[in-house]
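Taken straight from TrEMBL:
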BINDING   69, 87, 89, 211  Mg(2+) 1 binding site
BINDING   90  Mg(2+) 2 binding site
Ligand code: IPD
Ligand code: CA
Ligand code: CA
Ligand code: CA
């Protein structure tokens, strides 16, 4: 079995195991802590899932390195070799406050190139996946590639800071040229909305490598674009102001941004 197929099989199994732990967690026994701010939360479940995934990855693939949100990964200075990007719960605020709209995400990169992406919508039991060159799938069923729509033809998704903080007010004119704005609160699930054709772009003012990695593989797989707001390439060693979008909307968004 090729390395990619071996990983594919194991990742799907591990993600389902993680989701079973999350689903069996009792909301009232969750330990919730603040990280950098009152709305930047981490729970014992985020830590447990990342710790377990990291342990499983290291046991099967000891040469590989891990970039994870909650501190169980490696301190990466480059993207050489095989790197696993792990977001144990994407949408922790939703997990704590809504008990829905959160995802487990894994992206695998070889020498900096995205080769596999997995986004699991835990509550809906939908596992979205992509292997570079093989298309995008939901629960192993191939998904239709979304239409390449322009900014004026669809809805745009953003993170809340882009709408609430005045320093980003310039970006509101992009939203103004679209049909309207939607916000889910999980970078991974916003990307899934793009892949389903429900929005034409997702813009977020500050995404970390683990927020971007899995979705980037999937979005590039359908020929759409992922970049920083100014059109420059994503840097998976740092935070990025990130656009995921259709090809047509991307050109329009970058033009507005550069004015
Ligand atoms: C967050 C979510 C959110 C986005 C934040 C991310 P987390 O991830 O994806 O939608 O706006 O920038 O940090 O912290 O819940 O894994
Ligand atoms: Ca977080
Ligand atoms: Ca995240
Ligand atoms: Ca997270």
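Glycine is treated like the rest: Cβ placed from N, Cα and C.
Curation does not apply to TrEMBL; its annotations are automatic.
Cα of residue 90 (Mg(2+) 2 binding site) to Cα of residue 211 (Mg(2+) 1 binding site): a span of 7 Å. All chains included, 32 other C-beta atoms sit within 10 angstroms of the C-beta of residue 87 (Mg(2+) 1 binding site).
Secondary structure at residue 69 (Mg(2+) 1 binding site), taken from DSSP and collapsed to helix, strand or coil, is coil.
Listed in chain order, the extra residues whose Cβ falls within 8 Å of the Cβ center of the Mg(2+) 1 site residues 69, 87, 89, 211 are 46, 86, 88, 90, 92, 105, 187, 188, 208, 210. Its own atom aside, the Cβ of residue 211 (Mg(2+) 1 binding site) has 27 Cβ atoms within 10 angstroms in the protein chains shown.
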